[in-house]
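Participant: Input: one structure, supplied below.
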Amino acid sequence: MPKIKMIVGLGNIGKEYQDTRHNVGEWFIAKIAQDNNQSFSSNPKLNCNLAKVSIDYNNVVLVFPTTYMNNSGLAVSKVANFYKIAPAEILVVHDELDIDSGEIRLKKGGGHGGHNGLRSINQHLGTNDYLRLRIGIGHPGHKSKVANYVLSNPSIAQKKDIDSAIDNGICFLDDIINYKLEPVMQKLHTK
C-alpha cells in the first residue's frame, strides 16, 4: 500500500493572490508547515516553494508551485521526478466550487472538473491517479462569475468556514498519509 510522500497546495504566487479563494490549497500546506515549525524555501529549479515535514513518522514534502495555477503540473512533475515520488503518493489540496464553504472531501483520481491546476497536473503527470483533498469554497451561482469569484477574498464568515475545513482536514492527515482512506471519507463526507 502506498503512503503519501508529497502534499501539493494549489494557488497563485504573489501577495495579491495570497488571501483569495483559489489559494486555499496553499493555506492548507502553510498550516501544516506552521504546525510543524517549518518554513518554505524557494526552489527555482523545481518551480516551487518547498518544506519538509514528518507526519506520523513519514517524511513528506510540502509543495507550493510558483508557476501560477494554470501551470502547476510543471512543478508537481519536477518534484515527483526529483524525489522519485509516484502519482499515487501525491496528495493535491485545492479549492472546490461544487462544495459548500466549510466542507472538505477526499477523492482518488477523477477528472479535473474545469480546475486548471488539476488539468495541468493531469497533463504533466500523464495520469489522474493521485489523491485530492477538495476544500469547499462554494459557488457564485453562475459560471460567468467564477473567475472573479475564485480570485477574490472570501467574506469573514466564509474564511472562518474554510479555516475550519482546513483544521478538519489536518485532523485526518495521519490516516490520509497512511492510505487509510475509507474511514476518512466516511467521516468527512457525512454531515
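Yeah, the Cβs are placed from backbone N, Cα and C, and that goes for glycine too.
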Participant: Please identify which of Tyr17, Tyr149 is recorded by Swiss-Prot as part of the tRNA site containing Tyr68, Asn70, Asn116.
Facilitator: Tyr17
Participant: Ten-angstrom check, please: count other Cβ atoms within 10 Å of the Cβ of Asn12 (site 'Discriminates between blocked and unblocked aminoacyl-tRNA'), all chains counted.
Facilitator: 21
Participant: Using other CB atoms within 10 angstroms as the count, which residue among the binding-site residues Asn70, Asn116 scores least?
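Facilitator: With the binding-site residues Asn70, Asn116, fewest surrounding Cβ atoms within 10 Å: Asn70.
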Participant: Name them in sequence order: residues not among Tyr17, Tyr68, Asn70, Asn116 whose Cβ is within 8 Å of the mean position of the Cβ atoms defining the tRNA site.
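Facilitator: Here the non-site neighbours turn out to be Asn12, His22, Thr67, Met69, Asn71, Ser72, Gly117.
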Participant: Around Tyr68 (tRNA binding site), which residues of its chain at least 6 apart sit with Cβ under 8 Å of its Cβ?
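Facilitator: Residues satisfying the criterion: Asn12, Ile13.
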